[in-house]
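Below is one structure, written out as structure tokens, with a few remarks after it.
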Amino acid sequence: MKPFPLWSPLLLLIRPDSMLTFSLPPSRAVPALEALVRQRILILDGAMGTQIQALGLSEEDYAGCGCRHHAERPQKGNNDLLILTQPQAIEEIHFRYAMAGADIVETNTFSATTIAQADYGMESAVEDLNREGARIVRRALDRATALDGRPRFVAGAVGPTNRTASISPDVNDPGYRAVSFDDLRMAYGTQVRALIAGGADLILIETIFDTLNAKAAIFACFEAFAEAGRRLPLMISGTITDASGRTLSGQTPTAFWHSVRHARPFTVGLNCALGAAAMRPHLAELAGVADAAICAYPNAGLPNAFGQYDEGPDETAAQVARFAREGLVNVVGGCCGTTPDHVRAIACAVADLPPRTLV
Ligand SMILES: [Zn+2]
């Protein structure tokens, strides 16, 4: 890599892009992850939603009495807020995933942006949510590592928000956008800076249905890395929404890869929407074009008529093991409907299978 040029402070002001980002020193997690991912298939955790639902929490439990962020609106369903109002319950879920075999555990911050939290009137809580969200995972992982000595990594989870920068939500006005690139960039910037402050080892931009939203998140990461003075590994995960094999904003896996390749991610991959069986051909396409590690974390099959997931741990694990036998994956885990038992079964099923070859 070329030495950092003397005029680089100017770049900080005008070009917080890939050129600057790759001049930054890598964070401690970079060499550790790059070595591990060549040795074996790494395990990512599973769904938070199923575990939180099982707690049967009430409105009072969600809103909490110890939370200094008070909103007028009901908070039941605001799962991210539980980081502040039920921290022990959230830490326990992370701990169970770590003990089930997860090397990388995600923060409970999928909707912790000012944009997504606006639905609950909780925009003021996003910095606390992300900082504490990362700290809670770190605590859970340190407890697990104290028991078995295995290193584990905190992935700061960055969701797509509930708005799309590429598509109009108004059929009568196709030029209308509910959110702009800069709105997203600012919201993601606040989230990512707080995740880094809380100790996130890497950033996982996930469930990408609109690549333009993801590009704003990548740009925000680059800005946050420049401020922090170090480059964290990025995991980028798209979502194929239907049988056409495209994201909601219309990209095939190949197009999606070429749209995010400039970020030089640690992993690129797919999650959510489909079960492992339906995800397989799209994953194979991505693995055929991408020169990054490949990460896949499918749902536990397709949802039934009640929106629930019926696929058991062994069934999901058998499908994910097939990805591994075909040489498609470097990191695997579970999305909607998966549990610590699914992650344990997945970890067990791929334990003796080699990771996809990286060049
Ligand atoms: Zn999902």
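Each Cβ is built from the backbone N, Cα and C atoms, and glycine gets one as well.
In the three-state DSSP reading, Cys272 (Zn(2+) binding site) counts as strand. Counting every protein chain shown, the number of other Cβ atoms lying within 10 Å of the Cβ of Cys272 (Zn(2+) binding site) is 21. What TrEMBL records for Cys272, Cys335, Cys336 is Zn(2+) binding site.
Taken from TrEMBL, the feature domain 'Hcy-binding' covers 30-350.
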> Within 10 Å of the Cβ of Cys335 (Zn(2+) binding site), how many other Cβ atoms can be counted across all chains shown?
Replying inline: 28
>> As a test of the contact definition, list every same-chain residue at least 6 positions from Cys336 (Zn(2+) binding site) whose Cβ is closer than 8 Å to its Cβ.
In response: Ala47, Gly49, Thr50, Cys272, Asn299, Ala300, Pro303, Tyr309
>> Can you name every residue in this chain, apart from Cys272, Cys335, Cys336, with its Cβ inside 8 Å of the center of the Cβ atoms of the recorded Zn(2+) site?
In response: Ala47, Thr207, Thr239, Asn271, Ala273, Tyr297, Pro298, Asn299, Gly334, Gly337, Thr338
> When DSSP states are folded down to helix, strand and coil, where does Cys335 (Zn(2+) binding site) land?
Replying inline: coil
